[in-house]
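Participant: Next up is a structure, given as C-alpha coordinates.
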(Lines of atoms letter the chains of each structure in order from A and count residues from 1; the text may use other names and numbers.)
(Lines give C-alpha, C1' and ligand atoms only; values in the text may rest on other atoms or scores of the structure.)
Protein backbone atom coordinates (compact mmCIF):
# COMPACT_ATOMS: atom_id res chain seq x y z
CA UNK A 1 0.00 0.00 0.00
CA UNK A 2 1.31 3.44 -0.96
CA UNK A 3 1.68 5.89 1.93
CA UNK A 4 0.20 9.35 1.28
CA UNK A 5 1.98 12.66 1.92
CA UNK A 6 1.24 16.19 0.76
CA UNK A 7 2.12 19.86 1.06
CA UNK A 8 -0.61 22.35 1.98
CA UNK A 9 -0.48 26.02 1.05
CA UNK A 10 -2.21 28.89 -0.72
CA UNK A 11 -0.93 29.52 -3.34
CA UNK A 12 0.68 26.14 -3.96
CA UNK A 13 1.13 25.68 -7.72
CA UNK A 14 4.70 27.02 -7.52
CA UNK A 15 5.76 24.49 -4.86
CA UNK A 16 8.86 22.41 -5.60
CA UNK A 17 8.07 20.01 -2.75
CA UNK A 18 6.30 17.31 -4.84
CA UNK A 19 9.30 17.07 -7.18
CA UNK A 20 11.76 17.01 -4.25
CA UNK A 21 9.97 14.31 -2.26
CA UNK A 22 9.24 12.19 -5.33
CA UNK A 23 12.98 12.16 -6.04
CA UNK A 24 13.77 11.37 -2.39
CA UNK A 25 11.34 8.43 -2.55
CA UNK A 26 12.99 7.08 -5.71
CA UNK A 27 16.46 7.38 -4.15
CA UNK A 28 15.49 5.53 -1.01
CA UNK A 29 12.98 3.11 -2.59
CA UNK A 30 10.08 4.27 -0.43
CA UNK A 31 6.53 3.31 -1.44
CA UNK A 32 4.87 6.70 -1.08
CA UNK A 33 3.07 9.44 -2.99
CA UNK A 34 3.38 13.20 -2.47
CA UNK A 35 0.96 15.80 -3.80
CA UNK A 36 0.32 19.54 -3.55
CA UNK A 37 -2.97 20.63 -1.96
CA UNK A 38 -4.44 24.11 -2.41
CA UNK A 39 -6.12 24.65 0.97
CA UNK A 40 -8.80 27.34 1.24
CA UNK A 41 -7.59 30.32 3.28
CA UNK A 42 -10.52 29.82 5.64
CA UNK A 43 -10.52 26.03 5.43
CA UNK A 44 -7.02 24.85 6.26
CA UNK A 45 -7.96 22.91 9.40
CA UNK A 46 -10.73 21.06 7.57
CA UNK A 47 -8.36 20.19 4.70
CA UNK A 48 -5.75 18.78 7.08
CA UNK A 49 -8.29 16.77 9.07
CA UNK A 50 -9.77 15.32 5.87
CA UNK A 51 -6.33 14.37 4.57
CA UNK A 52 -5.33 12.49 7.71
CA UNK A 53 -8.79 10.92 8.10
CA UNK A 54 -8.38 9.45 4.61
CA UNK A 55 -5.08 7.79 5.51
CA UNK A 56 -2.48 10.55 5.16
CA UNK A 57 0.77 9.73 6.95
CA UNK A 58 2.41 13.14 7.00
CA UNK A 59 2.32 16.62 5.53
CA UNK A 60 4.32 19.75 4.91
CA UNK A 61 2.77 23.14 5.52
CA UNK A 62 3.76 26.37 3.81
CA UNK A 63 2.49 29.96 3.75
CA UNK A 64 0.12 31.14 5.05
CA UNK A 65 -0.72 28.18 7.29
CA UNK A 66 2.32 27.44 9.49
CA UNK A 67 0.88 29.15 12.57
CA UNK A 68 -2.49 27.41 12.09
CA UNK A 69 -0.72 24.07 11.80
CA UNK A 70 0.97 24.80 15.12
CA UNK A 71 -2.43 25.10 16.82
CA UNK A 72 -3.71 21.81 15.35
CA UNK A 73 -0.97 19.63 16.85
CA UNK A 74 -1.36 17.29 19.80
CA UNK A 75 2.40 17.27 20.37
CA UNK A 76 5.18 19.68 19.39
CA UNK A 77 8.96 19.43 19.06
CA UNK A 78 11.10 21.99 20.88
CA UNK A 79 11.97 23.59 17.54
CA UNK A 80 8.29 23.99 16.68
CA UNK A 81 7.45 25.38 20.13
CA UNK A 82 10.13 28.06 19.87
CA UNK A 83 9.40 28.83 16.22
CA UNK A 84 5.70 29.27 17.00
CA UNK A 85 5.06 27.59 13.66
CA UNK A 86 4.97 24.11 12.12
CA UNK A 87 6.07 23.10 8.63
CA UNK A 88 6.01 19.32 9.15
CA UNK A 89 3.15 17.17 10.45
CA UNK A 90 3.65 13.53 11.42
CA UNK A 91 0.76 11.20 12.22
CA UNK A 92 1.78 9.09 15.19
CA UNK A 93 0.80 5.44 15.64
CA UNK A 94 -2.05 6.39 17.99
CA UNK A 95 -3.46 8.87 15.45
CA UNK A 96 -2.27 12.04 17.17
CA UNK A 97 -0.49 14.75 15.20
CA UNK A 98 3.07 15.78 16.03
CA UNK A 99 4.32 19.10 14.70
CA UNK A 100 7.91 19.96 13.90
CA UNK A 101 9.78 22.79 12.20
CA UNK A 102 12.64 21.76 9.93
CA UNK A 103 13.35 25.16 8.32
CA UNK A 104 16.27 26.06 10.59
CA UNK A 105 17.88 22.64 10.28
CA UNK A 106 17.64 22.97 6.51
CA UNK A 107 19.30 26.39 6.65
CA UNK A 108 22.18 25.25 8.86
CA UNK A 109 22.79 22.12 6.78
CA UNK A 110 22.92 24.16 3.58
CA UNK A 111 25.24 26.84 4.96
CA UNK A 112 27.63 24.22 6.32
CA UNK A 113 27.49 22.19 3.10
CA UNK A 114 27.98 25.11 0.68
CA UNK A 115 29.68 27.93 2.59
CA UNK A 116 31.39 27.33 5.94
CA UNK A 117 31.11 25.75 9.38
CA UNK A 118 29.10 27.95 11.74
CA UNK A 119 31.03 26.94 14.85
CA UNK A 120 32.60 29.96 16.60
CA UNK A 121 31.41 32.35 13.86
CA UNK A 122 30.00 35.86 14.33
CA UNK A 123 26.66 35.76 12.54
CA UNK A 124 24.22 38.53 11.61
CA UNK A 125 20.58 37.62 10.99
CA UNK A 126 18.67 40.26 9.00
CA UNK A 127 14.92 40.26 9.68
CA UNK A 128 12.83 39.26 12.68
CA UNK A 129 9.75 37.62 11.19
CA UNK A 130 8.63 34.00 11.14
CA UNK A 131 11.49 32.86 8.89
CA UNK A 132 14.06 34.26 11.32
CA UNK A 133 12.35 32.87 14.40
CA UNK A 134 12.31 29.36 12.97
CA UNK A 135 16.08 29.40 12.41
CA UNK A 136 17.51 30.92 15.58
CA UNK A 137 17.71 27.80 17.76
CA UNK A 138 19.44 25.66 15.09
CA UNK A 139 21.94 28.49 14.49
CA UNK A 140 22.74 28.71 18.20
CA UNK A 141 22.95 24.92 18.46
CA UNK A 142 25.44 24.94 15.57
CA UNK A 143 27.84 26.69 17.95
CA UNK A 144 27.96 30.26 16.67
CA UNK A 145 30.05 32.54 18.88
CA UNK A 146 27.64 35.46 18.53
CA UNK A 147 24.26 35.88 16.83
CA UNK A 148 23.14 39.46 16.19
CA UNK A 149 19.65 40.26 14.89
CA UNK A 150 18.71 43.45 13.12
CA UNK A 151 15.34 44.51 11.77
CA UNK A 152 13.58 47.63 10.53
CA UNK A 153 11.32 47.40 13.59
CA UNK A 154 13.82 47.08 16.44
CA UNK A 155 11.22 45.91 18.97
CA UNK A 156 10.66 42.70 16.99
CA UNK A 157 14.37 41.94 17.06
CA UNK A 158 14.44 42.61 20.81
CA UNK A 159 11.56 40.19 21.39
CA UNK A 160 13.38 37.41 19.54
CA UNK A 161 16.65 38.05 21.37
CA UNK A 162 14.84 37.83 24.71
CA UNK A 163 12.96 34.66 23.70
CA UNK A 164 16.17 32.83 22.79
CA UNK A 165 18.58 34.40 25.30
CA UNK A 166 18.92 31.24 27.40
CA UNK A 167 20.07 29.22 24.38
CA UNK A 168 23.17 31.18 23.45
CA UNK A 169 24.90 34.51 22.88
CA UNK A 170 22.26 36.54 21.04
CA UNK A 171 21.68 40.30 20.77
CA UNK A 172 19.28 42.64 18.99
CA UNK A 173 21.06 45.58 17.36
CA UNK A 174 19.89 48.64 15.46
CA UNK A 175 21.40 49.29 12.03
CA UNK A 176 23.78 51.84 13.54
CA UNK A 177 25.01 49.39 16.21
CA UNK A 178 26.09 46.60 13.84
CA UNK A 179 29.63 45.29 14.04
CA UNK A 180 32.13 45.34 11.19
CA UNK A 181 33.08 42.35 9.08
CA UNK A 182 30.70 39.57 10.19
CA UNK A 183 31.76 36.02 9.34
CA UNK A 184 28.29 35.09 8.06
CA UNK A 185 25.28 37.27 7.19
CA UNK A 186 21.86 35.65 6.66
CA UNK A 187 18.97 37.54 5.09
CA UNK A 188 15.61 36.20 6.29
CA UNK A 189 13.62 39.21 5.10
CA UNK A 190 11.44 38.79 2.01
CA UNK A 191 11.64 42.54 1.32
CA UNK A 192 14.21 41.96 -1.41
CA UNK A 193 11.59 40.14 -3.45
CA UNK A 194 9.71 43.44 -3.78
CA UNK A 195 12.85 45.45 -4.48
CA UNK A 196 12.96 47.02 -1.01
CA UNK A 197 16.09 45.84 0.76
CA UNK A 198 16.83 46.98 4.30
CA UNK A 199 19.49 49.72 4.11
CA UNK A 200 22.42 47.83 5.62
CA UNK A 201 25.83 49.50 6.09
CA UNK A 202 28.47 48.01 3.78
CA UNK A 203 30.91 47.91 6.73
CA UNK A 204 29.23 44.72 7.98
CA UNK A 205 30.93 42.92 5.07
CA UNK A 206 34.60 42.36 4.38
CA UNK A 207 36.50 40.08 2.03
CA UNK A 208 35.99 37.03 4.26
CA UNK A 209 32.22 37.41 4.80
CA UNK A 210 29.86 34.67 3.60
CA UNK A 211 26.30 35.79 2.77
CA UNK A 212 23.14 33.71 2.53
CA UNK A 213 19.71 34.79 1.28
CA UNK A 214 16.77 32.58 2.27
CA UNK A 215 15.00 33.69 -0.92
CA UNK A 216 15.77 32.12 -4.30
CA UNK A 217 14.87 32.46 -7.95
CA UNK A 218 16.21 32.03 -11.46
CA UNK A 219 18.46 35.10 -11.03
CA UNK A 220 20.83 36.27 -8.28
CA UNK A 221 18.73 37.78 -5.47
CA UNK A 222 18.86 41.51 -4.75
CA UNK A 223 20.43 40.88 -1.34
CA UNK A 224 23.19 38.74 -2.83
CA UNK A 225 23.79 41.31 -5.58
CA UNK A 226 24.27 43.94 -2.87
CA UNK A 227 26.50 41.63 -0.79
CA UNK A 228 28.78 40.84 -3.71
CA UNK A 229 29.07 44.52 -4.63
CA UNK A 230 30.01 45.23 -0.98
CA UNK A 231 32.86 42.70 -1.17
CA UNK A 232 31.45 39.42 0.23
CA UNK A 233 33.67 36.45 -0.57
CA UNK A 234 30.78 34.13 -1.49
CA UNK A 235 26.96 34.18 -1.58
CA UNK A 236 24.25 31.51 -1.73
CA UNK A 237 20.49 31.64 -2.18
CA UNK A 238 17.88 29.63 -0.28
CA UNK A 239 17.22 26.85 -2.77
CA UNK A 240 19.43 24.51 -0.77
CA UNK A 241 17.55 25.44 2.41
CA UNK A 242 14.32 24.36 0.69
CA UNK A 243 15.84 20.99 -0.18
CA UNK A 244 17.47 20.70 3.25
CA UNK A 245 14.27 21.26 5.20
CA UNK A 246 12.53 18.77 2.91
CA UNK A 247 15.23 16.19 3.63
CA UNK A 248 14.68 16.67 7.37
CA UNK A 249 10.91 16.25 6.93
CA UNK A 250 11.47 13.11 4.87
CA UNK A 251 13.63 11.67 7.63
CA UNK A 252 10.94 12.38 10.25
CA UNK A 253 8.40 10.46 8.16
CA UNK A 254 10.48 7.58 6.78
CA UNK A 255 13.47 7.30 9.17
CA UNK A 256 15.92 7.40 6.27
CA UNK A 257 18.22 10.22 5.14
CA UNK A 258 17.92 11.11 1.44
CA UNK A 259 20.73 12.66 -0.62
CA UNK A 260 19.88 16.37 -0.81
CA UNK A 261 22.81 17.30 -3.07
CA UNK A 262 21.65 15.48 -6.21
CA UNK A 263 18.09 16.80 -5.86
CA UNK A 264 19.36 20.34 -5.40
CA UNK A 265 21.31 20.06 -8.65
CA UNK A 266 18.19 18.82 -10.44
CA UNK A 267 16.29 21.87 -9.16
CA UNK A 268 19.05 24.23 -10.26
CA UNK A 269 19.02 22.67 -13.71
CA UNK A 270 15.23 23.12 -13.86
CA UNK A 271 15.61 26.79 -12.91
CA UNK A 272 18.35 27.27 -15.49
CA UNK A 273 20.92 28.08 -12.81
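For all residues, glycine too, the Cβ spot is worked out from N, Cα and C.
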Participant: Swiss-Prot has 15, 16, 17, 87, 103, 216 down as binding shikimate; which of 62, 174, 176, 261 does it also list for that site?
Facilitator: 62
Participant: What's the CA-CA gap between residue 151 (NADP(+) binding site) and residue 17 (shikimate binding site) in angstrom, rounded?
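Facilitator: Residue 151 (NADP(+) binding site) to residue 17 (shikimate binding site), Cα-Cα distance: 29 Å.
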Participant: Using a Cβ-Cβ cut-off under 8 angstroms and a sequence gap of six or more, which residues of the chain neighbour residue 87 (shikimate binding site)?
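Facilitator: In sequence order, 60, 61, 62, 66, 69, 100, 101, 102, 103, 134, 245, 249 meet the Cβ cut-off.
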Participant: Out of these recorded positions, 16, 66, which one has the fewest other C-beta atoms within 10 Å of its own C-beta?
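Facilitator: Comparing Cβ neighbours within 10 Å for the recorded positions 16, 66, 16 has the fewest.
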Participant: Considering only the binding-site residues 128, 130, 153, 155, 214, which residue has the minimal Cα-Cα separation from residue 16 (shikimate binding site)?
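Facilitator: Closest recorded candidate to residue 16 (shikimate binding site) by Cα: 214.
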